[in-house]
Structures are given as C-alpha cells and as structure tokens.
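Asks: Below is one structure. I have some questions about it.
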C-alpha cells in the first residue's frame, strides 16, 4: 500500500507558490520602472526563473491528474504511464536545477551591488558564487550519470539498477551535492546581516530589516528537508521510498523556486515598498488633517497641501540600481542606510553622491 494518496489537491494548492513568484516579480519590475530605477542583471535572472517556476508546477499537475490513478500512490502508476512519468520527472528535475541557479545568481548579483563595499565582503561573496556554480554543475552531472545512456532513465529504467557499490557512490554524490546547496543557502541567508547591523539605522529598523532578509530561512529549511528525504528514502526499493521521494522533492522544488523567487524580490524591493507604505500612511494622515482643517478653517487645508508636496519630492532618491540609499561608506566598511528607505544602494550610487559633495 502506498504512503501518499490523492496527490491532486496538493498539486492544486501548490499553485500558490508560482503565484507568489509572479506577484514578487511584478512588484519588483513595477516599482523599478515606476521610480525610474534601472533594470540590472539580478532582475533579469529573476525574470528568467519565473517561467521555469510555472513549468515545474504544470508538469506536476499533469502527472497527478493524468498519469497517477485517482486516490492512488506513485507506486500504483500503470506500466503504460511509467515511461512518461519518469521522463517528466527527469525534465522537472533539470528545470529545477536551472531555476535555482538563476535565483541564486540574482541574489548574489544583488548582494554584490548592495553590500560588497570592501574587499573582504567581495571575496566572501565570490566564495558563495563559486560554491553555487559548483553545486549547479554537480547536480547536473548527477542527473546525467545516474543512468547511462540517459534515455534509459525513462525508456528502460530496469537497466539503471547497477551494482550495490555504484549505487552507494551515486548516493554519496547526491548527498554531497545537496549539502553544498544547503551550505550556499545558509551563506546567502547570513551574508547581509552583519552589514545591516553595522549600519546607522536605529535598533528597531535594524531588526526589521534583518527579519526581511531572514525570510530566506524558508529556502534554507527546504534544502535541509531535501537532504533528509534523499538520505532516508531515495534508494529504498519499497513502495514507501517511491511514494515519499517524488512528491517531497517536487514540493521542495516548488518552495525553492516559487517562494524563493518571492523572498528574493521582497528583499530587493524592500526600500521602495517601505517608501510606498510610508506614502500611503502619510496620505491617509494628510487626508484626515485636511478634513479636520475643512472643519476648523483654511489653515488645515494649507497644511495638507504642504504635506502632499513633500510626498512628491520624496521619490527623488529612488534612482539607483538597488533602491534608495543616499549615504557613504565608513572606514570600517559599513554602508550608510537611508533612514527613509531602509535599504542599501550600490557602490556606484554612493560614489556619484560623494562626487557632488562640496
């Protein structure tokens, strides 16, 4: 008897993941264009990952609705559907590998512009970059050498059953590869925190910004779950191994790409979003002041108009590649963060700002 049954509702609910990715990408580009912020390579990589995220969800939805019998587990797939199932699962794995590296490259490039203000900071980020590329290559090689020739993976899966020693080596390669992924996820999670904490923001704003960056813990935890599932169930020959591994890895892929894209976008647009929320709050407060002024006289109306003029002028700093930083770098290498935006800007923006100083 299979471990997991009726996968269709789970596949349908996971549409929230690509929807979140779409929402984050839309907000990212909308705020960039609206505020005349230039589109950088980190934005392009996020945009490239979005169609892959939707494709991953569509593939799994097709598998659960057309290849797996209703209220049945994966081990109950008819032999006539097995080749198609294995082919789609192989494509799903390949697309996930590509989507994840796109998202990581986007985060790394964003960090490079926003935080790499010292040589040590750049070297640390280069280490994360090379580890991410190494994991991408190892995952690709692992996918290609797990069964040779590759087409036997879905055409003749019984030929992929090799000697126990080969299976053990392949298992070790898989665990090492995914552990690299866990390491890079953790490094990307903690990398910006020291820069934020050394900034000149108040403690409350530092904590708020750290919470925004720490949302990446979700993808880090997802990678840990992936390693656990691969270690416990991947090479089990029983039904529970087949029924647990595929749905768990597909769900991890959805969280990595869907929620990972959303988190990356929230981090990148936090400055404009925080500024927009402030504008809405000030606008509502200004409307209340205007209503009170209309009751008390014309003086309140003038105060409301002055406040509205300040709102229009507040968007003037939102012209940098990252968001809205107007500050410099101290001797200790900690960037100055705008009190109004709460976000960092690339070094180029800092240099151009410093050049205008008397």
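Glycine is no exception: its Cβ is also placed from the backbone N, Cα and C atoms.
A TrEMBL annotation is a machine prediction, not a hand-curated record.
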Asks: Of the ranges 123-145, 146-168, which one does TrEMBL list as transmembrane segment?
Replies: 123-145
Asks: When you get a sec, could you say which of 173-195, 288-310 is annotated transmembrane segment by TrEMBL?
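Replies: It is 173-195 that TrEMBL describes as transmembrane segment.
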